[in-house]
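Q: Handing you this structure, nothing more for now.
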Ligand code: DGJ
């Protein structure tokens, strides 16, 4: 990895073994984007890449030049209003009402490693040799706003991490009304746009369309990154697929309002913008004040979407997630939500835990309903003190009883919320987000606490820290069950109300930071009515997240498959629940529920006594199996093989680092009869290694399994009683290197 500055001092080339990223100071002193893609050799001059052709109707920068227009020149951080008409990366409202900026190059610095982003989650290095950061320094001579553009290149992977920092060096007040984390002007628009969208219980479905002239975007203005759209998009060449071809990923490490957009201009160049959603955003910078944008991570590959995803997985698993649990196998848990909902007593919980312990489960998680007057969704949020009518010995007593069983104890919180029927609300009715003289909408009868206020965060921190320091709590599920409406903070002045959404998220991050640093061994799982805030920002604090409230195995195949485009398997909370499934009323076989849930953190969302004895024995076997292969599932290299968005049969697999073990998950939604011959082309194996394959007596070499395929034919279900299969079927194929079977 290296950052090369040419002799003239106006061209920067960041490269490693996989990628090159090149930019140049333009004649008008703004920064031009020249190239992001597969590695090319360093060279003194790439000026030929600045395309300055005469274009009728374009507005030109220099009096004497008819060819130089920002309208079509590709830039690093485009600004509106000085001949560029595309959506800008930044907009600064000045005291005279002007929104025009002209950020001119002033200098650069190179730092080894990667600087921290104050108050924000970001990727990091453990050793300075892992990455290098170029900081390009710019300044607008009129408003005196200075801008630093950060570019980190990692030694490994086609990754560029970007962010921007603003500093008001002038005397007047300035308002940032748009401040993107990245702007990327690509030279053409021959791309498919991939987004990960959906709704509650069907999060991160893959949706694809061809880029077209004009703007296409996804985003959130709900205060959380949302179920509806994920802060992640991919642009891939139309001919690229999972296994080959060019693609670029754009991922925002942020949990609040976001925008991800591509604008294809008149000349078919494509500008990608990603950052905090500018709608409703207005950040005031008084003289001497700074603003730091969240970080966006771009990944380039010419080896297909699996490789792109694996690059994100590795980076987010190892250099975004942090702490004690980052590299550790995650405990197999049982959560009481779908088992009891609000209807439980201490004795009922202990009974569930006891049986779970006998099955080999390691962690018991008490979900919603243990605190204040929370016996239904209308009361109690905000009162983080155990309800003595339900838990006579408090959380401390219950946690001890669970520990005495030989299990760990985990607890649910929804720290950002309050019900009006709560002591906290009665004491501080002005602590919620609400706009004066307007109706305040509720979601699930709850209101959002104003986390932009430090005293609010302090109070919640005190309540949570008290429980965590008194009771043996090893895990926290941090839920967030509604979006923000009527956004307004009682303590901010009128000209800072555009800061509330972002200040809110900074408050959430602050609480996470305080709790995770004071209780470093507690495992945090983020949640937002399932996957409503499943984003990289959360991963920095909570190495796993509840992927979706939909626990049906068939639904989960799509949800987990879609989620895997950006997020590692170790981050996906996945549980086995009862049938008929509580969300969709579907009956899937117990083995399929487990076969899907293994590809995640794994746990159970049920009362085991609701299962037959035979099923309980099956559960014991599942847990034994997961314990045996958990490291492989959670930390192996994951490959998508066949998409559930396109096929009745889908498949994925994990491969161990030494390639000696692999597990293939195969799922078929509807059964068929007298079916065709089928093979599955595996990935990531060692071509020369001989593998035994479960479900098959013979052994096969890696090259056979990958190139010729693994036979998966199941010809005559329904006619062949001995091999009768069913709907919602699944199989796991376990591949193991045969001792002495390596050809190389
Ligand atoms: C939504 C979560 O996604 C569920 O798992 C559960 O914790 C409920 N909230 C509890 O209210």
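We number each residue from 1, going along the chain as drawn.
Heads up, the Cβ atoms here are built off N, Cα and C, so glycines get one too.
TrEMBL feature annotations, pasted as is:
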- 479: active site, nucleophile (ACT_SITE)
- 549: active site, proton donor (ACT_SITE)
- 200, 367, 368, 444, 477, 478, 479, 480, 481, 527, 549: substrate binding site (BINDING)
- 30-286: domain 'Glycosyl hydrolase family 36 N-terminal' (DOMAIN)
- 650-735: domain 'Glycosyl hydrolase family 36 C-terminal' (DOMAIN)
Q: Measuring C-alpha to C-alpha, could you say which of the recorded positions 200, 368, 477, 479, 481 are within 10 Å of the residue listed as 'active site, proton donor'?
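A: Passing the 10 Å Cα cut: 200.
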Q: If I take the alpha carbons of residue 200 (substrate binding site) and residue 479 (active site, nucleophile), what is the distance between them in whole Å?
A: 14
Q: Under 8 Å Cβ to Cβ from residue 368 (substrate binding site), same chain, six or more residues apart: give me those in sequence order, or none if nothing qualifies.
A: 337, 341, 342, 374, 412, 414, 479
Q: Taking the residues 200, 367, 368, 444, 477, 478, 479, 480, 481, 527, 549, which the record names as binding substrate, find the longest CA to CA distance and state it in Å to the nearest whole number.
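A: Max Cα-Cα spread across the substrate binders: 19 Å.
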Q: What does DSSP say about residue 477 (substrate binding site): helix, strand or coil?
A: strand
Q: Far apart in sequence but close in space: which same-chain residues, 6 or more away, have a Cβ under 8 Å from residue 481 (substrate binding site)?
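A: Listed in sequence order: 414, 417, 443, 444, 446, 528, 529.
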Q: Tally of helix, strand and coil residues over the domain 'Glycosyl hydrolase family 36 C-terminal' (650-735) according to DSSP?
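A: The composition, in the requested order, is 10 helix, 33 strand, 43 coil.
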Q: Around the residue listed as 'active site, nucleophile', how many other C-beta atoms are within 10 angstroms of its C-beta?
A: 24
Q: Using a 10 Å radius around each Cβ and all protein chains in view, which of these recorded positions has the most neighbours: 477, 549?
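A: That would be 477, with the most Cβ atoms nearby.
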Q: Run through the Cβ atoms and count how many others sit within 10 Å of the one on residue 200 (substrate binding site).
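A: Other Cβ atoms found within 10 Å: 18.
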Q: Could you tell me the mean pLDDT the prediction assigns to the domain 'Glycosyl hydrolase family 36 C-terminal' (650-735)?
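A: Across the domain 'Glycosyl hydrolase family 36 C-terminal' (650-735), the average pLDDT comes out at 93.
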